[in-house]
Amino acid sequence: MSEILSSLRSLMASHSPPLDALVVPSEDYHQSEYVSARDKRREFVSGFSGSAGLALITKKEARLWTDGRYFLQALQQLSDEWTLMRMGEDPLVEVWMSDNLPEEANIGVDSWCVSVDTANRWGKSFAKKNQKLITTTTDLVDEVWKSRPPSEMSPVVVHPLEFAGRSVSHKFEDLRAKLKQEGARGLVIAALDEVAWLYNIRGTDVAYCPVVHAFAILTTDSAFLYVDKKKVSDEANSYFNGLGVEVREYTDVISDVALLASDRLISSFASKTVQHEAAKDMEIDSDQPDRLWVDPASCCYALYSKLDAEKVLLQPSPISLSKALKNPVELEGIKNAHVRDGAAVVQYLVWLDNQMQELYGASGYFLEAEASKKKPSETSKLTEVTVSDKLESLRASKEHFRGLSFPTISSVGSNAAVIHYSPEPEACAEMDPDKIYLCDSGAQYLDGTTDITRTVHFGKPSAHEKECYTAVFKGHVALGNARFPKGTNGYTLDILARAPLWKYGLDYRHGTGHGVGSYLCVHEGPHQVSFRPSARNVPLQATMTVTDEPGYYEDGNFGIRLENVLVVNDAETEFNFGDKGYLQFEHITWAPYQVKLIDLDELTREEIDWLNTYHSKCKDILAPFMNQTEMEWLKKATEPVSVSA
């Protein structure tokens, strides 16, 4: 690591102008949360592998900012050369730089890896001390990274209409209407999942998220896709030709954005497409007829710098909300995917319960007793990785399976307190029947993306562990049972999941819920359920998906999280105050909760009824996928409970 920092500091000194500091973001050219191996620059320089974070290298210091999900992981992975900066507790990176770097300091960042929003915010902060943000045109990290992985060459795959549910031409029509409404003549699309959604295409360029490295531009009469043409088969080319989409090289996007700015970007299909004929009838609002729509959160500064800032509409992409509002076909597919996925999770729990009893002498999923301290042989012992591999194999046997939706968080004991723990084969823990086991996992299916967390104990949980699990469960149920007026955002609802924990002075450092894509990214906006102010931006709306995942974590001891995916539906209420209309949630995740971890005396009658109803549905819905042994286990796991049980 010292050699990497030393090499970067040499490049910083020789840069023109010389750099006093270098920022290395987590994001790629598309501001993605999950990036390809080739784009993990921040991980390369720091050794920290979490999905969120930012590295800052000065002449004498190296600091890494990350959020509460990764505090423990960062402490474990960072060398002594690095200082951990805790987001939400320590100063923001721009505040720290403004306060600690000298006046007129030059602060460098790759202009392709920083968003318009971030670059503008930093620029304003630095101006207080005449500091300058230097957006470099080449990435200094790439010059140091001699073993950088090659570019991904996975093919562009057309996503069938039977799963997408809405044609590209209809999406074009909707978006062009929004362009007209905003007085814009074009939209620059940088987010990978937005490009995939708009053109009904998928790929495997990024692990766990079925997207292709590509940009897009949509105007009132043309459509462009910027992708490495070697990824586009003859069949895919025919598909794009039929849509009137011009395919250009990935690297052409920056010159074409400059052409777009001067209204000189012309498609060879422009005069042939139905979209063009429709566009001739569209009258752009005369007061601002020349604006270009750019999402400041997903568009990189490199592209934005080619535009006339006076003629740019900086606001969230219209695709983000359209993608979040699932069509009927997507909703049906997501629900079906969660049924198959739930079956795999239950089959996994049945297998794991049997293995823990057989190999470790555990009392098992249903009984409370300390293990007999039986030890398996070296070849038969279970680890966090070997058991998660079993779960993946069970998922892989299900129809339409295409891979995992994120690295499985298979965590025992103190590892479960690391919120986004990722076990490695060489350095993972062995399963322990006397410790809590947390498994947060998900999969990609052609008809939907899944995300589920269950926490279990195969021995005798302590009273404190039960107390904490029960509080998490009560918050999970409270949020899932909420009814609320239309226009309500996730910031308002977040307290429902935390209140039972707050009663004991407990809390958790992550958000409570995120949107889930339709065979796309497992983390999807623009909505969320969270304590963070950004959760105020977009209200929850019918047909959105959102997770319900409160938790509690004790460093060095254990972690608990429960997670289901919910669909937002219209609610039938007795009254309709303010004529707003009301919404409610529908659970679409199916796997039992471990009753022996719940203090039933702490549950209300409503919570008991909800648990019994959910378990009854769970049993009936998953029954067709179970063999006799699995069905017997599931029946036992979903038996009705009462306060006196």
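Glycine too: its Cβ is placed from the backbone N, Cα and C atoms.
Here His514 (peptide binding site) comes close to His523, Glu524, Gly525, Gln528, Val529, Val546, Thr547: these same-chain residues lie at least six apart in sequence, with C-beta atoms under 8 angstroms from its C-beta. If you look up Swiss-Prot, you'll see Arg69, His420, His514, His523, Glu549 marked as peptide binding site, on the strength of similarity to another entry.
Under the three-state DSSP scheme, Asp440 (Mn(2+) 1 binding site) falls in the strand class. The feature Mn(2+) 1 binding site is assigned by Swiss-Prot to Asp440, Asp451, Glu563.
Swiss-Prot lists Asp451, His514, Glu549, Glu563 with the feature Mn(2+) 2 binding site, giving similarity to another entry as the kind of evidence. The Cβ of Asp451 (Mn(2+) 1 binding site) has 24 other Cβ atoms within 10 Å, all protein chains considered.
For Ser2 (N-acetylserine), the same-chain residues that are 6 or more apart in sequence and have a Cβ closer than 8 Å to its Cβ are Glu81. A helical conformation is recorded for Ser2 (N-acetylserine) in the three-state DSSP classification. Look at Swiss-Prot and you will find Ser2 tagged as N-acetylserine, backed by a large-scale study or a structure entry.
Of all the binding-site residues listed here (Asp440, Glu549, Glu563), the one with the fewest other CB atoms within 10 A of its own CB is Glu563.
When other Cβ atoms within 10 Å of the Cβ of Arg69 (peptide binding site) are tallied across all protein chains shown, the result is 21. In sequence order, Gly50, Ser51, Arg69, Tyr70, Gln73, Ile409 constitute the residues six or more apart from His420 (peptide binding site) in its chain with CB-CB distances below 8 Å. Cα of Glu563 (Mn(2+) 1 binding site) to Cα of Glu549 (peptide binding site): a span of 4 Å.
When secondary structure is read from DSSP and collapsed to three states, Glu549 (peptide binding site) falls in the coil class. In the three-state DSSP scheme, Arg69 (peptide binding site) is classed as helix. The 10 Å shell around the Cβ of His523 (peptide binding site) contains 21 further Cβ atoms across the protein chains shown. Using the Cβ center of Asp451, His514, Glu549, Glu563 for Mn(2+) 2, the list of other same-chain residues with Cβ within 8 Å runs, in sequence order, Asp440, Ile452, Thr453, Gly513, Val516, Thr547, Asp548, Asn564, Val565. The two recorded residues, Asp451 (Mn(2+) 1 binding site) and Glu549 (peptide binding site), have Cα atoms 10 Å apart.
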